[in-house]
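Per TrEMBL, domain 'Acyltransferase 3' is recorded for 12-327. Annotated transmembrane segment per TrEMBL: 38-60, 80-98, 142-165, 172-191, 211-227, 239-257, 269-295, 307-324, 330-352, 385-406, in sequence order. As annotated by TrEMBL, region 'Disordered' applies to 415-477. Annotation source TrEMBL lists compositional bias 'Basic and acidic residues' at 424-440, 466-477.
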């Protein structure tokens, strides 16, 4: 009896892997604490894409690709572009109607996504993958599709040249693996511990190793030659044992890895992708027990629709979740959003993806786009709906793209202060508009010259302290310290004037997006506050996590002073890790008092602005009073 073998067209177990990968990504974007490593599902997709595409075009013999370049590219465009473009248009139209505040950034995101360059757009505009305040861009998930499309354009050419030069596939596999290793090394070199890792996370140059590992697997473990014939029982046992270990590593990584662990960018992702390659290789083999388990029908259904699920899950989560509740998933909302995601993905699969893959663009266009009033009665329901809705969505889309709406929000955003410095009698501000040449966003990781070395008497427009809309009705108190320093981020900006009213001689240095890593470089400029008769208020952690070394370095810079650590209330995934670390430091150091802002604010959404982070008047008053009480109790 001849052995059973699989070709490159369809392996049921791979749909199971796709399903688990996309579910992991969704769980991560829902901010479930148990899926802190869910973003690694994208790595699985990259490795799988490299493997399947290479297996599709790799010849069994010779050095000519099995598919011509033109035919290959047209096939990829049919597979990816239509569903993605529909999602972009519908999402943008929805934002135009109901979320106009997003349009000033969404226009650029939409254009870059249409041309599959959004990953570099996000890098150049410093849009973090891991955090953003207010509503994140609903198109942010398209960065990975941009990398894949860039790969699809280049890889067939490189593979063809590689086959011509290397002659043998085993030799070519060595060069492909070295290329993957080089990309992973570049990620390790560019990564900066404690800073936002989005540059290395988004970059085609620093993520191509994942796709190349899949290509390498296709060269050394060709799918077309996998067969159950002539394989011993011992080898079957070994393959199934290895697949179980690889699958366990995948699950453990999803559950326990998080995006701020340095090892991840210094070889961890590379190892994870090698493990993914092993898992995929095992599942592809006909004798794999795991492959049969992953062929479970519900997993196959999710996996076959994983592209549509991935496309739609993020805009539905972003546009369907109040900003104040980001990071705190409500299970009723999660259930409703999942139903919407799966429903739209099924519609996309049936009426967009499969028809175009089967019949091509022209036939699809004639069927759904060409209007013939004489044949309207014979149209199917799907065609009637599409013929009616498509012009409406396009009209709203182009209306939003022209910039007619959504500009009013830009003015208010640009006029908000990005930096406040108070040094005794003077208060200094700078806004987005004042600092266009060194634009500061809410993402960590980009140090300006100001953060490298800050002079408390910087050359900015100084104004006398004045009553503003962010001030509370407080009165100056007798200062028990000979000097008080407050270092913080945008939350400190909100309470700066209020603190200044209470402590007229206080020194405040606050900046939007400030990280602990930036404050470490700031600390030497305020060495005069490292004395027993002085106090230092540190309010950081709004913008992301930090390493133990970084927070220790900052705290030791003021080891002789009384330190007041303000923990954070921020609807983001790192809130718990930040607060746990700050609590631990308060227990380790005798000179540290923890101000539990989280416990005070957790049940008071009215304290916060619509972005769920910055403070309204009640929040300003509450946090200011909390700090004042802590200082009074200590003295």
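Just so you know, glycine gets a Cβ as well, placed from its N, Cα and C.
Note: TrEMBL annotation is automatic and uncurated.
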Same-chain residues at least 6 beyond the ends of the transmembrane segment (307-324) whose Cβ lies under 8 Å from its Cβ atoms: 22, 25-26, 29-30, 45, 79-80, 83-84, 87, 91, 94-95, 98-99, 134-142, 145, 333, 336-337, 340-342, 344-346, 348-349, 353, 571, 605, 608, 610-612
Per Cβ pairs under 8 Å, the stretch of 38-60, 172-191, 239-257, 269-295, 385-406 packing most closely against the transmembrane segment (80-98): 385-406
Within-chain partners of the transmembrane segment (239-257) [C-beta distance under 8 Å, separation at least 6 from its ends]: 20, 24, 34-38, 40-41, 44, 264, 268, 272, 275-276, 278-279, 282-283, 285, 287-291
Arithmetic mean of per-residue pLDDT over the domain 'Acyltransferase 3' (12-327): 92
Residues from the same chain, set at least six apart from the ends of the transmembrane segment (172-191), whose C-beta lies under 8 A from its own: 162-163, 166, 197, 199-200, 203, 205-210, 212-213, 215-216, 219-220, 262, 265-267, 269-270
